[in-house]
Amino acid sequence: MKITTKVLIIGSGPAGLSAAIYTARSALKPILINGMQPGGQLTMTTDVENYPGFAETIQGPWLMEQMSMQAKNVGTEIISDYVERVDLSKRPFKIFTGTGNEYEADSIIICTGAESKWLGIASEQEFRGFGVSSCAICDGFFFKNQEIVVVGGGNSALEEALYLTNHANKVTVVHRRNSFRAEKILQDRLFKNPKISVIWDHIIDEIVGSNKPKAVTGVKIQNVYTNEINLVNCSGVFIAIGHAPNTALFKGQIAIDDDNYIVTQSGSTRTNVEGVFAAGDVQDKIYRQAVTAAASGCMAALEVAKFLNK
């Protein structure tokens with residue numbers, strides 16, 4: 001089936017739903033394709049305490065459900081589908097979905113987000129949300145006065161480790177090399193922090209824990225040279241080996257930087273293709289917060305309205 005629309009939004013995280021709310025209120029009748037993970041990364045977060053407007057802790061899935069309902073109530077058509085292919089070579093742009101539908105859109109807002117890179121071991125998946133996390137700001141509070149392991153050696157890992165010392169008694173950074181890639185200033189801060197210790201030349205072999213209640217109790221680490229395995233006791237494991245923006249669909253059709261983020265013009269959500277806009281973590285390598293994603297979704301919607309009214 002071929003469907004035409006003025007605005008098509010790809011992705012249903014805070015950026016996509018914010019863009020939907022604003023374009024709908026501009027009477028543009030947007031269509032939003034919610035993707036493989038409706039609601040985005042927040043659906044993987046149980047307790048949300050840093051989104052403005054809520055005095056008490058809220059649940060990530062609940063917040064995204066509320067945003068989705070709000071978008072629908074103001075006139076957004078939300079489609080349960082995923083995008084397989086796009087053609088951005090000319091307007092109207094063409095979008096092909098997994099269910100076989102074809103959309104033609106005068107403008108597109110890309111809000112496909114970015115996913116945390118994971119270790120790829122079975123135990124990591126088993127305890128995700130039960131002691132395994134990739135967001136210290138989101139989940140660090142729940143490990144107050146406990147021991148935590150951070151995995152990684154770049155800026156993200158060191159920033160996470162330093163932040164977690166606000167909550168944890170002890171933070172152990174496990175890194176597969178014998179030096180960090182992170183900026184020198186971050187390394188200096190980390191080495192001076194009495195709560196942080198570093199284990200070099202090790203990888204995570206297994207995350208161990210209990211089932212009743214389901215919780216992490218430690219990690220087995222493996223020396224990359226000797227293969228010797230040791231146990232480090234901890235209550236939480238934070239994976240900080242980087243983020244991977246979901247931009248594979250758009251490669252070769254739109255400007256993407258060396259880190260695979262969509263390039264937008266300074267102070268704008270406009271891309272190098274007229275009529276195509278990008279918002280949220282798919283183009284934001286610095287902040288990566290729900291509130292900043294929602295804000296950029298609003299920006300994209302306002303810019304789309306201006307573009308279509310030329």
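Here the Cβ of each residue, glycine as well, is placed from N, Cα and C on the backbone.
Features reported for this protein in Swiss-Prot:
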- 34-41, 281-290: FAD binding site (BINDING)
- Cys135-Cys138: disulfide bond (DISULFID)
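Mapped onto this structure are the features recorded in Swiss-Prot.
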residue	record	DSSP (3 states)
Asn34	FAD binding site	coil
Gly40	FAD binding site	helix
Cys135	disulfide bond	coil
Val282	FAD binding site	helix
Arg288	FAD binding site	coil
Checklist entry - When you tally the Cβ atoms that lie within 10 Å of each candidate's Cβ, which of the recorded positions (Cys135, Cys138, Val282) has the highest tally? => result Val282
Checklist entry - In whole Å, how far is Cys138 (disulfide bond) from Asn34 (FAD binding site) when you measure between their Cα atoms? => result 23
Checklist entry - Measuring Cα to Cα, how many angstrom lie between Gln37 (FAD binding site) and Cys138 (disulfide bond)? => result 19
Checklist entry - Counting other CB atoms within 10 A of each CB, which of the binding-site residues Asn34, Gln37 comes out lowest? => result Gln37
Item to check | Listed binding-site residues (Lys285, Arg288), ranked by Cβ neighbours within 10 Å, top entry | outcome: Arg288
Next on the checklist: Quick check for the class: what is the C-alpha distance, in angstrom and rounded, between Cys135 (disulfide bond) and Val282 (FAD binding site)?
Outcome noted: 17
Item to check | Proximal but sequence-remote residues of the same chain as Gly40 (FAD binding site) (Cβ under 8 Å, at least 6 apart) | outcome: Gly11, Ser12, Gly13, Pro14, Ala15, Gly16, Met64, Gly113, Ala293
Checklist entry - Where Cys138 (disulfide bond) and Arg288 (FAD binding site) are concerned, what is their Cα separation in Å, rounded? => result 11
